[in-house]
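This report refers to the structure that appears directly beneath it.
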Amino acid sequence: MFEHSDTINKIISKRKLSKGIHELWIFNPFVSKHTKPGQFVIIKVSEKGERIPLTIAETNGDNFRIVVKAVGKSTYELCSLKQGDILFDVAGPLGKPSEVKFYGNVLVIGGGVGIAAIYPIAKALKEVGNKLTVIIGARTIDDLIMKDEFEFADRVIKATDDGSSGQKGTVIDFMEEELRNSKYDIIWAVGPAIMMKFASEVADKHNLPIWVSLNSIMIDGTGMCGGCRTLIKNEKDGEIKYVCVDGPEFDGRYVDWDSFMKRLNQYKEQEKIAFERYLDQIGDISWL
Amino acid sequence: MAVRDRIEVLEQPAEQRKNNFNEVALGYNYDMAKEEAKRCLQCKVPTCISGCPVGIDIPGFIREIVKENLEGSFKILKSYNYLPAICGRVCPQEVQCEGACVLSKVGKPINIGALERFVADWASENNVQFENTEYSKEIIIKNNKKRVAIIGSGPAGLTVASELGKRGYQIDIYEALHEFGGVLIYGIPEFRLPKSIVKKEIFDLEKLGVNFLKNIPVGYAIPVHEILEDYDAVFVGVGAGTPKFMGIPGSELNGVYSANEFLTRVNLMRAYKFPEYDTPIRVGKKAVVVGGGNTAMDAARSALRLGADVTIVYRRTEAEMPARKAEIHHAKEEGIKILTLATPVKYVGDENGNLIAIECVRMELGEPDESGRRRPVFVNGSNFIIEADTVIEAIGTEANKFLLSQFPDLKTNKYGYIITNEYGQTSIPKVFAGGDIVTGSATVILAMGAGKSAAQGIQKFLED
Ligand SMILES: Cc1cc2nc3c(=O)[nH]c(=O)nc-3n(C[C@H](O)[C@H](O)[C@H](O)COP(=O)(O)OP(=O)(O)OC[C@H]3O[C@@H](n4cnc5c(N)ncnc54)[C@H](O)[C@@H]3O)c2cc1C
Ligand SMILES: Cc1cc2nc3c(=O)[nH]c(=O)nc-3n(C[C@H](O)[C@H](O)[C@H](O)COP(=O)(O)OP(=O)(O)OC[C@H]3O[C@@H](n4cnc5c(N)ncnc54)[C@H](O)[C@@H]3O)c2cc1C
Ligand code: SF4
Ligand code: FES
């Protein structure tokens, strides 16, 4: 039952969802069998690779799905793999599952690649009987991933910055509109840090709890290093939490966004070196 | 009686080694090992053995070196301790076997660690295998139907695997990370313990039929109840890997590391070889390491090798430092400065969230505390600033709660460490535990000793 298999971590299928965003289905029974919405894996793509966290977007039997946005060396490398390739290391599921239960009216917001992360949460929230409104957004209609996968929701708003999908504006614009017009009990928002920050400010104004999924830099993902630590504010000062084991979801109203976003830039210089070196090796990336 | 001088081991010169991650101690050659082995008095009642937590027949393996029977020597070692190349390198022998050697009263004790290492390295170079002849085929076949799960592949888990593997049990060892060895792999640096040696010793265990499973965070990838249902016994050896932070203002700044993160990047992820390896690390020009234990020394010496000017800040005096004396000596030789009787109270950052300075305060020693060491107290108004772009906190770790959070029925004490009896048995009869997760941070050999007792406990549990 717990035997090593040659095909563990094999890429079963791969599909391009939009420019720079790819979907992979990976064979790994350990991950697939026990994943709950909100959890993630840590992947090391190659032998000398780094460990990067990615949300588990769905599971099906022994396979699980990830949706990856190419932003630097490791994600480019991951996106350039082909069906049948085998990932070096996959560990998970990790992190605390989302608190899925009946709340009443739930607003779920996904921005960019965060749409993939919000998908299993939205689905689970619907399954336990919540009334669900989903806002997904991207820059243009071509960037909007998984736009036809949220049919299970009571209402889906598709937002594009340029209006190319009918509704023009950012997810934050539509969020504000929703909160003005309807009564909600709780919010989930996943996307770029800056989007989650703004969403949290809006939620705060309406005195509504808002779960965000923090995408901090991680190494082990098991609470052993503190690299993912984030300042969560409370009445007095603040408390250090480990995103990998205490999260990744926190109430966005209490996240110290300023320091969180600065920590994301910790390795800017080295990331640039690694990426340029990688580009030199692979050359053309127009397929992405 | 005049005691002959101890044969000193060869070392990489400080000037050279501070620029590389290669092993510092080069060990003995055959002639040196024989000379050192000849100094052993072969005591009738060898006190050294009582100083060894796993009770190696020390005069026995030393005698075989003198007789030029290295294979026999290796067999003796390996029958007590499955990881001699590791223990010979990292055990604090000065407070264990060597501290207990009779010669330490009149001169320098036998260099037992260096001899152990010599024999183990010789065996490895000459491909000498350990044959499992301790147990009869019948015992091995009889045990073969019993399955034991080991959670965590640090020294404690590896020892249970070797002890039970030798007796024929079916062992599955689960590790959350992508390499096996626990602190041996992610904590202790290459220049003290080459990773190739750790790998070699660990994979020797496969010959006993031990099944290694990496990347499996137990409790998450496999729920605890499944493990309990599928196995006849379970050993928990998850260590004390959660870092403590001082929690002073500025802890979230870029450039502030726990020693665990710093060392994990350097050792497990080989960040010292960036960009050949993908994991980056930030070490600026001036690094400060806070603490006085082995972890602090390892972090400081790693930062130095990455090109920083390094200062260790410790709140007591050098006499109270818990690190091995040899390592403090090595660190100083390499040019690391030690600032004692001081502690950081605040980290100062720039507008980009990068550390630029550390505010410290002077300390003085007051009354002794529970540990018998004099308690450091703040000297009011003595605050001063040190410039630094990296700070590494090495102030200790606590119980690894990662698995335990999924295992609420397992009884722990008020510090979060698992409660066991002398055989490592926990509040759940088929679950045993040992190593740092029971004692708090200790040593490799104590984790191995705990693994040995737990293996006996598991055997009793399964066979009685
Ligand atoms: C719990 C969790 C779940 C995640 N889920 C997903 C997911 O489902 N899909 C997905 O595409 N990404 C996800 N991420 C983000 C993903 O881990 C990063 O994009 C990845 O580590 C970048 O690695 P890289 O080597 O390609 O880029 P790098 O070389 O590390 O960085 C390139 C650029 O990305 C920025 N960056 C660095 N780290 C992150 C980060 N953690 N998040 C965002 N930007 C970053 C850097 O500032 C830099 O500008 C998740 C992160 C976390 C913590
Ligand atoms: C930097 C440093 C230097 C040191 N130097 C020395 C020295 O020179 N000499 C000495 O004697 N001692 C030294 N020590 C102490 C020594 O390394 C430890 O006491 C010893 O490793 C403890 O062994 P262990 O088996 O209990 O746990 P660990 O070595 O901590 O191993 C535990 C393992 O369990 C894994 N794990 C945790 N949770 C799970 C889970 N849920 N599922 C699967 N796997 C899991 C972890 O990933 C880890 O690999 C040092 C420690 C550090 C940190
Ligand atoms: S106590 Fe010292 S001299 Fe005596 S047997 Fe042990 S190592 Fe040899
Ligand atoms: S990633 Fe190391 S503690 Fe979270």
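Placed from the backbone N, Cα and C atoms, the Cβ positions cover glycine too.
Feature annotations, reproduced from TrEMBL:
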{"type": "BINDING", "residues": "A:Cys225, A:Cys228, A:Cys244", "note": "[2Fe-2S] cluster binding site"}
{"type": "DOMAIN", "residues": "A:4-100", "note": "domain 'FAD-binding FR-type'"}
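Across the domain 'FAD-binding FR-type' (A:4-100), DSSP assigns 13 helix, 43 strand, 41 coil. Residues from the set of binding-site residues A:Cys225, A:Cys228, A:Cys244 situated with their C-beta under 8 Å of a chain B C-beta: A:Cys225. All protein chains included, A:Cys225 ([2Fe-2S] cluster binding site) registers 27 other Cβ atoms within 10 Å of its own Cβ. Across the domain 'FAD-binding FR-type' (A:4-100), the model assigns an average pLDDT of 93. In this view, the densest Cβ surroundings among the binding-site residues A:Cys228, A:Cys244 belong to A:Cys244, judged by other Cβ atoms lying within 10 Å.
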